[in-house]
Amino acid sequence: MPHHPMDAYAPQGPGHAIQPSKLDRLDVACLLYVLVPSLIFIVGWLELRYAMILLVTMLAGLFFARESLGFAAPSALSKRVVLCCGLIAICWSLLGGAGHFFYANAFDWRIRDAVLRDLVVADWPVFYRGDSGATLLRAPLGYFLVAAGLGKLTSLRLADFWLFVWTWLGVWLTLMQVAACMKKPVAALIAVLVFMLFSGLDIAGLLLTSSAKLGDLFSVQHLEWWGQYFQYSSNATLLFWVPNHALPGWLLGLLLYRHFDKPVLLPWLGLMFFSSALWSPLVSIGLVGLQLAYMARQVSERWWRDGRIWFAWLAWVPGFLVLGTYLTYRSSSIASGWGWRMIPDPLRFWENYLLFVVLEFGLFAIALYRLRPRRLLLVLVAILLMLPLYSFGPNSDLAMRGSIPALAMLAMLSSAELIRFGRGWRWPRISWIAPLLLFLLIGAVTPLHEMARSLLTPRWRPDLVTNVFDASHGDASNYLAPVTDVKQVPFLKKR
């Protein structure tokens, strides 16, 4: 075993017979996908002096991590699997809101369309000026910046199409990461299907806690707020409602899943945390626990003795501080606190919590308990148990968004176990896998509802006129921040 984990990236053995462990081109593409919006933000929104400093420190971070870079194709991905993932990603993305090819869930997409519109038509950084003063567009913009930049180069009407293309690319990378975890094409496609249909047992929760009937199986209502105070979203729900949170959570969570037993990601943890922040700070919070578990998994490599890893991490700290300053600028108005203290009846909170954790992931954890080793499963359970306890945002957003990477990993554990024990379908294999298969089938009701709504509800065109301030009536604390003097906002260009 190498003395330092970074030495694992160098050729080993007589005649370099042992291939070093490196990132492959799919991993590199995923990291670039989540990083590029932050680079656009730095160049387009920050004062030149700050932008130059951050670009230099980021180059230093890449320099210290360079030995783990590789550009070989993933061995498990054939050209047919890559093509199938691309075609499936197109179909799945078309049903989402980007591009407005089918129905887009208006509750979220009207404000999202306004964000994209403002990023295209307004100068960066974006301010709104009114009689009561100025307001800053202060929001996680990672999902929008590439499409907005292309929209500036082409036209506002094309910006929504570019957002669809950007979404499709992210979904394609996600499905390829899912497929790359499997050794055979059939297993890869099964894993992709499980990932797309993965969800908690929302229909069971709805039937147990409301007057809903089995006939609701054939409706297009949104099922996932049965827990009242919290929600763990299905993967289809995430793509159709909040792709800005889903894509970084999926890509980075799947990177950690795929390389959980290898030290290859150690020098890239800083980049992963930094780049996810501009997409979704809540996803970044959800990543922390997984990254700590990954670091603990590599303890035998004695990575803390390798200065290159520390320098690779520290290089991203200045950028994170700048992004953190922007994202938290005058954000104290966002509601937050311990969940049981924010409602009149704490006992009601705990009753809902217990049923919620059982139906959303607890039954899956029990069905997967035969896993060996089960350390990753226990980490996921611990994270998913903790997230609903603290409420942040108007709709307990921390639980909904911070859970995305962990739930993506749980979906992968489920598909891997299904494929592993499904070979032969003989007793006792069937008795072992039947509960997991049953839970997956019940959970699939939720994503099928989401797809049905997109297909059966009339589409609507994006609003190219209304800005974020007007769309939110000036009262969206997670998108807007009041500004006394536009020249006093730290780090941003002065206008």
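Backbone N, Cα and C atoms are what each Cβ position is placed from, and that goes for glycine too.
Per TrEMBL, the features are:
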{"type": "TRANSMEM", "residues": "28-46", "note": "transmembrane segment"}
{"type": "TRANSMEM", "residues": "52-69", "note": "transmembrane segment"}
{"type": "TRANSMEM", "residues": "81-103", "note": "transmembrane segment"}
{"type": "TRANSMEM", "residues": "135-154", "note": "transmembrane segment"}
{"type": "TRANSMEM", "residues": "161-180", "note": "transmembrane segment"}
{"type": "TRANSMEM", "residues": "186-208", "note": "transmembrane segment"}
{"type": "TRANSMEM", "residues": "238-257", "note": "transmembrane segment"}
{"type": "TRANSMEM", "residues": "277-297", "note": "transmembrane segment"}
{"type": "TRANSMEM", "residues": "309-329", "note": "transmembrane segment"}
{"type": "TRANSMEM", "residues": "349-369", "note": "transmembrane segment"}
{"type": "TRANSMEM", "residues": "376-392", "note": "transmembrane segment"}
{"type": "TRANSMEM", "residues": "430-449", "note": "transmembrane segment"}
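Among residues of the same chain six or more beyond the transmembrane segment (376-392), those with a C-beta under 8 A of the stretch's C-beta atoms are 229-230, 232, 257, 260, 282, 286, 289-290, 293, 334-340, 342, 353, 356-357, 360-362, 365, 368-369, 398-399, 402-403, 406-407, 409-410, 413.
Contact between the transmembrane segment (135-154) and the transmembrane segment (186-208) is absent: fewer than three CB pairs lie under 8 Å, with pairs separated by 6 or more positions in sequence. A contact between the transmembrane segment (349-369) and the transmembrane segment (309-329) is absent, since fewer than 3 of their C-beta pairs, 6 or more residues apart, lie under 8 Å. Against the transmembrane segment (309-329), the recorded stretches 52-69, 81-103, 238-257 differ in Cβ pairs under 8 Å, and the greatest number is found for 52-69. In summary, the transmembrane segment (52-69) lies against the transmembrane segment (28-46): three or more C-beta pairs, each 6 or more positions apart in sequence, are under 8 Å. Counted over residue pairs 6 or more apart, the CB atoms of the transmembrane segment (238-257) and the transmembrane segment (430-449) come under 8 Å in fewer than three pairs, which marks the two as apart. Non-local neighbours of the transmembrane segment (430-449) in the same chain are 194, 196-204, 217, 219-224, 234-237, 363-364, 366-368, 370, 414, 417-418, 421-422; each lies 6+ residues outside the stretch with a CB under 8 Å from one of its CB atoms. Among the recorded stretches 28-46, 161-180, 186-208, 277-297, the one sharing the largest number of Cβ pairs closer than 8 Å with the transmembrane segment (81-103) is 161-180. Proximity of distant same-chain residues to the transmembrane segment (277-297), defined by a Cβ-Cβ separation under 8 Å and at least 6 residues beyond the stretch ends, is recorded for 34, 37-38, 41, 140-143, 244-245, 247-249, 252-253, 256, 260-261, 265-266, 269, 303, 320, 323-324, 327, 375-376, 379, 382-383, 387, 392-393, 397-398, 400-406, 409.
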